[in-house]
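Working notes for the structure below.
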Amino acid sequence: MLTIKLPQIFRVHQVPRIFWEDGIMSGYRHPKSSALDCVLSSFRMTNETVNIWTHFLPTWWGYFVWRFLVLSSSLDFCQEPYHWPLLIYLLLVCLYPFASSCAHTFSSMSARARHICYFCDYGALSLYSLGCAFAYGAYAMPDHWVSGVLHRYFVPAAAFNSFVCTSLSCYSRFPELEHPRLSKVLRTAAFVYPFLYDNIPLFYRLLFCFWSNCAWNEAVAGYCYHLLFALLTGFLFASHLPERLAPGRFDFIGHSHQLFHICAVLGTHFQLEAILCDVCSRRAWLRGRLPTPGLPGTFGTAGLALLGNAAIIGAFTAALPQAP
């Protein structure tokens, strides 16, 4: 009879420092696990198990892929250019949680593999920020910004931002041991910057709506919830609460990265529903004022951004042997 032995888990001082997490004292996997051990570890309780499943389940066994399939059956993504920015956004929404889940699954194979896994995770998050820009630029831009200077350059600038985000976040892993605070600041800035840029149209729409007492519709409500969960996500990422206050008490369940994942998924859910509301409610108005999206400005830009980010990840991967 075939028996499978689940991988052993360790305390913090039993693994190299590069694997340590703030406030997490136990539940670490072997720092040279095999790929099979990494997969098996997702079925026993470690300090990464909930991280793995909180992004894998909502993506591939839950909401996002199911929502994409339902929309694919009701919207013509192939023949209707109006929906191309939405298609790019949906694909990248499915990509970033899956990349995160894979990174948490296989990051204990070695120190080098850990870096590469998170390089890919950061690249997927950067591309997700570009997907947000595609959706906001196509459907959520304030009325009197449509066809303006910011609108024309909104997506190309977001593509450039994705290169900056991936470069800065990947670089932040190099000084992680010697200068952990600098590393954290760089990584946080790498994701705050594109978030602030992408959400300029939302900030304006919401502030204008509050000032002018405009109608409170589903899109406005969805964007408010999205921003609320985004702020919670950023706070949890930067603060490492609650485990920093009680090291060892939240090693397996309840630490900040798990809560970070849950808030990120909920924020993306509300963002998606708000975008879909704008797609439907503003369609006639937008189509009368904007040119039809073309392949170069949609899939061409997304493809170049994908290749550029892959090249950045490859360059940092090649630099790993020279890293301290």
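In case you wondered, yes, glycine gets a Cβ from its N, Cα and C as well.
What TrEMBL annotates here:
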type	residues	note
TRANSMEM	50-66	transmembrane segment
TRANSMEM	86-106	transmembrane segment
BINDING	His104, His257, His261	Zn(2+) binding site
TRANSMEM	118-141	transmembrane segment
TRANSMEM	186-208	transmembrane segment
TRANSMEM	220-239	transmembrane segment
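Long-range Cβ contacts of the transmembrane segment (186-208) within its own chain (Cβ-Cβ under 8 Å, at least 6 residues beyond either end) map to 122, 125-126, 129, 132-133, 136-137, 140-142, 145, 150, 154, 157-158, 161-162, 164-166, 168-169, 171-172, 175, 214, 220, 223-224, 226-227, 230, 234, 237-238.
Cβ neighbours of His257 (Zn(2+) binding site) (same chain, under 8 Å, six or more residues apart in sequence): Glu21, Asn51, Leu236, Phe237. Here the transmembrane segment (50-66) has Cβ contacts under 8 Å with residues 42, 90, 93-94, 97-98, 100-101, 104-105, 252-253, 257-258, 261-262, 264-265, 268-269, 272 of the same chain, all six or more residues outside its ends.
Cβ crowding, taken as the number of other Cβ atoms within 10 Å, peaks at His104 among the binding-site residues His104, His261. Those residues of the chain, other than His104, His257, His261, with a C-beta within 8 angstroms of the mean position of the Zn(2+) site C-beta atoms are Glu48, Val50, Asn51, Ile52, Thr54, His55, Ser100, Gln258, Phe260.
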